[in-house]
Structures are given as structure tokens and as C-alpha cells.
Amino acid sequence: FKGGDTCEYLLSSGRFLGEKVWQPHSCMMHKYKNSEAKNCLIDKHVVFVGDSRIRQLFYSFIKLINPQVKEEGIKHGNIPFEDKSASIKVDFLWYPEVNGSMRQRIKSWTEGSVAKPHIIVVGAATWSIKIHNGSNEALAQYKINITSIAPLLEKLAISSDVYWVLQDPVYEDMLSESRKMITNEKIDAYNEAAVRILNSSSRNSKAKVKVFSVSKLIAQETIMKSADGLHLPESSRDTNAMILMNVYCNKIMKPIDGSCCQPQPPLTLIQKIAFCFFTLSIIGYLVVSLIHRNNYRKNKSCTDLEGGEEKKPAISTPNVSTLEMLLHCFCKLGLIMTYFYLCDRADLFMKENKFYTHSSFFIPIVYILVLGVFYTENTKETKVLNREQTDEWKGWMQLVILIYHISGASTFLPVYMHIRVLVAAYLFQTGYGHFSYFWIKGDFGVYRVCQVLFRLNFLVVILCIVMDRPYQFYYFVPLVTVWFMIIYATLAVWPQIVQKKANGNCLWHFGLLLKLICLLTCIYFLSYSQGAFEKIFSFWPLSKCFELNGNVYEWWFRWKLDRYVVFHGMLFAFIYLALQKHQMISEGKGDPLFSNRVSNVLLFISIVSFLTYSIWASSCKNKTECNELHPSISVVQILAFILIRNIPGYVRSVYSSFFAWFGKISLELFICQYHIWLAADTKGILVLIPGYPMFNVLVSTFIFVCVAHEISQITNDLAQIVVPKDNSTLLKRLLCIAGFFSGLHFFSAMQDQSRH
């Protein structure tokens, strides 16, 4: 379904999500702050012309610029407003009827001597109905007057934004006796006349007067809350003012979560090069595949008529198969990236705002938990945090995070704090997993480092190119990448202390603890020295990776939020492996981790700690204060969960294959959701099938999961080709990668220069 003209949709259609959140059809509406409104309207002159209903809209509009404004102006007179700091002028002109006086005022703006307003909002009808007692003669005169005004409005529309506001319905039961003649039937007749005349006139005009009809839909839902049956309640007129702001400002401010009225961004130079590369890959794969199949047919096994034996075909060279595999991967990736671009950069599919309700978050959570329990299987090994268990852990956490994002649950603080623990748990696993590998294997080779860095960053680098986003935008990948390098540096730097060496002499354990203490000291220092942190990451080329909106504050905030949890993961791995080495824990199938008495005590403490943290998180009142405590205490719930999951032998011996399957592609799921499940860079929801929310989520989710799984396969296949085990070949590949990033930087600099 093509998105169409989103401005037209914003002005004419939509629905309420809940009581006060308005959702335009097919696009997302940005909620403008005062500073944003001022920046958009700087040096602008806005005029509202009409009756008391237009005056209401005028007040709601200027409150977006200055919330302190009070509605104290003359009721039946002109009301000026000026914001001198931004040179903004907004005037209300009292013209309650469409007549000669209104025409004369509008005509004065079409003459060269008078400065034209940048935005003109006009509308009136109820006074004509009231004064003339709803007579047909008044309606006929209204049509004549609008017909005479329409050409003037179209002339103004060439250089200004002109909006004709249709009349809202009334709540007839609440109208006073003096307004009883204002019926919805009469209002519909006046609106129909205005629309027909303006539309017929605009066919012969270069510019078009925009009909503001969405207020009718809003009023139909809210007019019964009106104080007098005629004027809209404050929340409704505020919505109208916000729509007006979106119509004018979105094309200027280009907010991420304001897709209405935003033009499609032009392709950048890097995007064009990427498009050419993927196109050539697809063509190349088709050509190589065709040649390969023809050769296969020629060399197909045939029977030797004399000997009666089957001749075997010649074996194809490895180079051909590697090339075909490489082209096959980029062919699939090119098609997938096209889908990414169409979903979140092209004006093809619709996008909608998120709207949080408790049911939209908790019902899917219960559903996936039931599914997860249903797919219970025995683990291959019964060690603490074995591979199946960690995959399961990643899987259910990722599914909860996905539901959190699509439901907009970040507005509900208790849920937000628990999700922060899940993100911390991912980083805890990063510390635990990489420390365990280096400690046990002692493999600090370049191959291992390159494999990990490639698998973590491949998809994000491609998305940075295709979607024209900075690396730091996908914040979680930079986070795990930097922490992996910190873990590697901590353990690889002299003296290298590994398990094999430490087993020979216990003093090496103290050496490792000293390293960990030094790491903790550095983390503590950087977390309380924003200046030092920003200086480190402001140096080129780090600044190119970690800057967002021209500074590294966002990166510092993200790093600081979970600054201790990776260290906790490393420390836990060290203690666990030490206990395992000295046979102080029992990891047999069905056996409790410790003696029955110790296991019961630890299990009780863990459950109490887990619940205590949840109670604290649920009682959070202020996000800033809770975020300050989070880095130090998130480990409590993480450790409690690990102990609850691993102390009982039976629980440790089983896992959910359903969650584990998702856990294997958790990184791809986390990154792909930005553009093909959510929309507008996670700010909204992608709509493939409008009008059917549940069916839309099912279809988009199925495609999203399939794409994430396919990208995981592509990444694994390419990792074997791009990062070979042979050191000399690997060095050549690294030089090629360095050349690729140098070229990317060069084209990026050209791009930035052309933008400026």
C-alpha cells in the first residue's frame, strides 16, 4: 500500500489512540517542544482569521511557542502576539463572517505594498448561521462570498501556506437557546459548500488552499466534553494546533518521529555507491551461477559404454566456489537492504506512532512465556550458564525487549527499569563469556579478535551505509565492541595471566585480581570525569565512530548507564571457574549446585533479592535518580536470576529451545528492529497492512524474524571468507578492510562538504 501524500492524510484523516493521543492515517506526528516551535517559526508572521473557534486555535498555537500565555484578549476583537526573542508574530483577526470585510482584509495581503503573512489560517460559518437563523439565503450568500475569496486565497497560497478550517460539529443538547439554530445539518451544508468551491477553484490554480478538515474528526469524538456544546475542549484544540505545527514545521525541522509532510530524503553519494555495488553483486551472482550450472551439465556423470563404469566429473576449483558464495551472500544482502530502505527511508509503507497500554505489553509477555515453557528440552551439558542456557537467556530477554519497544512501554517507569536490567544482563554475558574464553583458552591471537569484531559490526556497518546513519546510532553494538576490546586489553596486556599459568602458581590469581582492580579504578574515574571521557573519544578517528549530533554525550550516557556490569560479569566468571577448578560446586545432572542446606539458603536469598529489586524498580518515581543507582545495583537481580536458574539440578538440566533459537540471532533481532519492524528509527511502528493492527504485527514480525535469521547466516558465511585462519591471508584482508574504511571516510567527507 503506497503511503501517498502524508500531508493530505494529516489534514484530513486519523483516529484516537486512547483518549488524547491522535494518530494520523499513515504517518507519524511529532510533539513539538517550545524551543523547536520557536526555531521553526523564527522570523515568521502567522495570522488566524475567523470567529471564536479560530480564536481558540490561535491560543493553542501560541501556547506551543510560549506556554505562559493567558487567554485574556478581547473576545470580539483583534489579538496580537509577539515573541521578540525569535522575531515571531502571531495575530488573531476577528472576522466572524465570510463577507466583504474579510475579503477586503485578504485582498490587502495580495497587493504588493503589504507584507504577506507566512501562514494564514481562515475559517468561519457559525455566526452566519446564528445571525440569519439558519436561513437558506444566508447559505447562498456564504457560497457567493467564498467564491469571491477563493481566488485571493489561491494567489496568497503561491508564496504562503493557506489553510481553510472546516466547521466542527456541535453538541446540540448542550447549546444555549440563542445557538439552537446551529445544527450539525447546517454545518455540514456550509462545509460541503466551502470544500466544493475551494476544490473547483484550485483546479485552475497553480497553488492550492489546504482544507483543514481533520478537526471535524477530532470534534466528533470530543465535542460531548465541551463546556457549551460549541467550543472544543482544550485537549482537542491543542491537538489541532499540534497538527498545524506538524504540517508547516516537519519539512523544516525534519524530526525523526514526524514522518507526516516530510519529503523523502535524497540518496547520498555513499548510498548510490552501495546501490551500484549490490546491483553488480546480484548480476555477478546470476552470471557465475549460470556458468557454474552449464559446466555442471557438461561434466555430469555418464556411463563408460566399454568399461560399464561411471565417470566422475572434474572437481571445481575452490576459488570459484568461494567467489560464488561471496556473490550469493551479497546478492541476498542487497535484496534485504532494499527492503530495509523501502521500509524506513522511502515513502512506500505507512508509519504510526506508538501508544502504550498495560495490556499491549503484558499480554504478549505472558504469551511468549507460555510458548517458551512448552518447548522445554534437556541440555547437552549441565554446567552453570552452559551454551543452551545462555542462548535461552538471550532469547527471552530479546523478545521482552522487542515487545517493550513496539508497545512504547518506555513511558512506564517500572517496565523501563526492568528492561534496563535486561540490557545490563546482555553486557554481563559479554564480560562473562569473553573472560571465560580468554582465561581458559589463552588465545589472544588476531584471528579471534577479528572474528568477534566482524560478527558484531558487519550488519551495523552495512546499515550505516545504506540507511545513512552514524555508527553510534546503533548504540548497543559500539557498547559491546568497546567492552570486548577492554576485556581483551585487560587480559592480553603484560603479564598475560591465564588459567593454565595460574594453576602452576596461586600468586597469579592475585595478579589477575590486581588487573581487575585497575580496570575498576579506570571505570570509576571515567564515569565521574565526563571531560576526560569526552576528550578520549573526541580524537579522530574515534570521534567519527562515537559522535552523535556533533558530540559524544550520548555515547558517554550509554556507557555510564551500565559501566560496572561487564566488570561484574568478568569477576563472576573468575570466581565460578575457581570454584569449579577446586570442585567446590556439583554440576552433575539433577544435582543441586551446593549441598542441600547451602543451596536452600542461597536460593531463598536469591528469590528475596530478586523480588526486592523488582519492588524497588516498581516504586521508582524519577528516571534520572533511578538511573544513577542502576549501575551499582543491577547486578543484584542478574546474580539472583543466575542462582535461581542454576542451583536446582533439574532446572539447570533443561532449557527452552524456543527461546534458545531466538537467542542465537538476538543481535540481528536487536539491530533489524530499528528499520523493518519499528519505523522512523525506532520512534514508530511499521505498517504494512493498514486498518488491521494485529494482522499487521503478525506479518511484519514474520518477515522481520526471517530477515534477522537470514542476516545471521550471511554474517557467519562471510566471516569464514573475510576472516581466514591463515595469518598472511588475514593480514591482506585487514589491509583491504583498512582501504575500504579509508574510502568510506573519503566519500563521507565529500558528502559532508556538499551538504554544507
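For all residues, glycine too, the Cβ spot is worked out from N, Cα and C.
What TrEMBL says about a protein is an automatic prediction, not a curated fact.
According to TrEMBL, the feature domain 'NXPE C-terminal' maps to 22-72.
For 253-734, the entry in TrEMBL reads domain 'Cas1p 10 TM acyl transferase'. The average pLDDT for the domain 'Cas1p 10 TM acyl transferase' (253-734) in the predicted structure is 92.
Annotation source TrEMBL lists transmembrane segment at 269-291 (among others). With a cut-off of 8 Å between Cβ atoms, the residues of this chain six or more beyond the transmembrane segment (269-291) that come close are 320, 323-324, 327-328, 330-331, 333-335, 337-338, 465-466, 468, 744, 747-748, 750-751, 754.
According to TrEMBL, the transmembrane segment annotation covers 325-343 (among others). Long-range contacts of the transmembrane segment (325-343) within the same chain: residues 274, 277-279, 281-282, 284-286, 288-289, 349, 462-463, 466-467, 675-676, 679, 686, 703, 707, 710-711, 714, 717-718, 721, each at least 6 residues beyond the stretch ends and with a Cβ under 8 Å from a Cβ of the stretch.
What TrEMBL records for 355-375 (among others) is transmembrane segment.
Residues of the same chain lying 6 or more positions beyond the ends of the transmembrane segment (396-417) and with a Cβ under 8 Å from any Cβ of it are 354-358, 360-361, 364-365, 368-369, 372, 423, 425-426, 617-621, 623, 626, 630, 656, 659, 662-663, 666, 669-670, 673, 677-678, 682, 685, 697. Among the features that TrEMBL reports, transmembrane segment is placed at 396-417 (among others).
The feature transmembrane segment is assigned by TrEMBL to 452-468 (among others). Listed by sequence, the residues of this chain that lie at least six past the ends of the transmembrane segment (452-468) yet keep a Cβ under 8 A from its Cβ atoms are 265, 268, 270-271, 274, 333, 337, 340-341, 344-345, 434, 474, 477, 480-481, 484, 667-668, 671-672, 674-675, 711, 715-716, 718-719, 722-723, 744.
Same-chain residues lying 6+ beyond the ends of the transmembrane segment (474-494) with a Cβ under 8 Å from its Cβ atoms: 423, 426-427, 430-431, 434-435, 438-439, 444, 449, 452-453, 456-457, 460, 463-464, 515-516, 519, 545-546, 554-555, 558-559, 562, 566, 570, 667, 670-671, 674. Summarising the annotation, TrEMBL assigns transmembrane segment to 474-494 (among others).
If you look up TrEMBL, you'll see 506-526 (among others) marked as transmembrane segment.
Sequence annotations record features per position, and here TrEMBL assigns transmembrane segment to 561-579 (among others).
For the transmembrane segment (600-617), the residues of the chain that approach it from at least six positions outside its boundaries are 414, 417-418, 421, 594, 626, 633, 636-637, 639-641, 643-644, 647-648, judged by C-beta separation under 8 angstroms. Here TrEMBL flags 600-617 (among others) as transmembrane segment.
Sequence annotations record features per position, and here TrEMBL assigns transmembrane segment to 659-679 (among others).
Look at TrEMBL and you will find 685-709 (among others) tagged as transmembrane segment.
Per TrEMBL, transmembrane segment is recorded for 730-750 (among others).
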Per DSSP, the domain 'NXPE C-terminal' (22-72) contains 22 helix, 9 strand, 20 coil
Task: Return yes if the transmembrane segment (659-679) and the transmembrane segment (685-709) have at least 3 CB pairs under 8 Å (sequence gap of 6 or more), otherwise no.
output: yes
